[in-house]
Every structure is written in structure tokens, then in C-alpha cells.
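Undergrad: Provided herewith is a single structure, encoded as C-alpha cells, for subsequent inquiry.
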Amino acid sequence: MTRLLGYVDLSEPHFVAAVLAIVFNPLFWNVVARWEHKTRKLSKAFGSPRLACYTLGGAILLLNILRSHCFTQAMLSQPRMQSLDNPAAYHVGLALLGVGGVFVFSSFLALGFTGTFLGDYFGILKEARVTMFPFSVLDNPMYWGSTAIYLGWAIVHASPTGLLLTAVVALIYMVAILYEEPFTAEIYQQKASQACKRS
């Protein structure tokens, strides 16, 4: 880590923008989704929970594009690392991009749009917990697939800045998981309790 920091200017504006984007995105979607779960104001404003969820999902996608742009600009604005600037490292980076892409895309296919973009906070619940691939091999595959993509992108660019930003991505996702999982479990517990009362 100390060696990485020797390459990275932490005050460089593109780096600061990338860190802010990485931190902001999960904060935004968690705050908005919890507010919606508590008040149902987005569902009321858009006329239906599905339309509200699609709108939030669209906003999250746009924010993720911005985050990736900031990440790339931060890498390009700072020096490359000589020890990563070789064909072997480049191919490792490509492999990580591929594996990460498989996890992200297969997660989306398994969950669908509303399952991916916090539909459960809008009252759009799955019948049961998704256990098919990639959830059969990894918890939170969307988050870890995304992290692998950023790591691969950093290695392909031989970028110590990218490696440091990937560590920030992983840390923020770990915090998001700690914040999201108990709340999501509570939503499904409430659903199960209501089902028991009806039967």
C-alpha cells in the first residue's frame, strides 16, 4: 500500500472526483431506497412502485457510468506502474474484466431489473431467495463482479491509482453490504410474517 501511495497524488482533482463518486453512489441508492420503503413517496409520485423502481434504477445506471468515467480519468491523469506494464499483467487484467463481467451480467439475469435495483424496498419482492448461479458460488456477486471489473481495468492500465481506487470500491461495497443485508432480511421476514397471519 505504501508503494502504491508513492505513485498517487491524493489531492489531484480527478482522483478526488473518483473517490467522491465511489462513495456517493451506494450512499445515494441506500438513502433513497430506505426513504421510499418508509414513505412510499416515489411510488406515489410516479404512480406505481415499478415505474418508481425503474426510474431509480436508471438514475443508478447513470451514476455508475459517471463513476466509471471518473475512475478512468483519475487513472489516466497519474503515472503508470512499471512492474504492471507487461503482457502477463495485461492478460490477468483482461481475465478479471471477463470474470467480473460474467458475475455482473449473470446476477442481473438472475435478479431481473427490479431485483437488481432495490425492488424489494418498493414492495416488489421475489417469491424466494435467489440461489442459482452466480449466487450459488458467491454472496453479493454483483458487488464483487463490479470490484473485479475495476481491478481488471486498473491492471490493464498498469495504474497504481486504479488499484487504490479499487480498494476504495471494495471497502465501500463491504460497508454497503453490512448496511443493506440486515434491512433486506427484515423486509422478507415481514413478508413471511404477513403470509403466516393470512394462512
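Residue 1 is the first one shown; counting continues down the chain.
Cβ atoms here come from the backbone N, Cα and C positions, even for glycine.
Here the structure is a predicted model, which means the values were calculated and not measured.
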Undergrad: From the topological domains that TrEMBL annotates, would Lys38 and Cys70 count as being on the same side of the membrane?
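TA: Domain labels do not match for Lys38 and Cys70 in TrEMBL.
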Undergrad: Before we move on, state whether the transmembrane segment (162-179) and the transmembrane segment (88-118) share at least 3 Cβ pairs under 8 Å, counting only pairs 6 or more apart in sequence.
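TA: As far as Cβ distances go (cut-off 8 Å, pairs 6 or more apart), the transmembrane segment (162-179) and the transmembrane segment (88-118) do not touch.
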Undergrad: So what's near the transmembrane segment (53-76) in sequence-distant terms, Cβ-Cβ under 8 Å and 6+ beyond its ends?
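TA: For the transmembrane segment (53-76), the far contacts come to 12, 14-15, 17-18, 20-22, 24-25, 28-29, 32-33, 36, 42, 46, 113-114, 116-119, 122, 124, 150, 153-154, 157, 159, 161-162, 165.
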Undergrad: Using DSSP, what's the helix, strand and coil tally for the topological domain 'Cytoplasmic' (67-93)?
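TA: Secondary-structure composition of the topological domain 'Cytoplasmic' (67-93): 20 helix, 0 strand, 7 coil.
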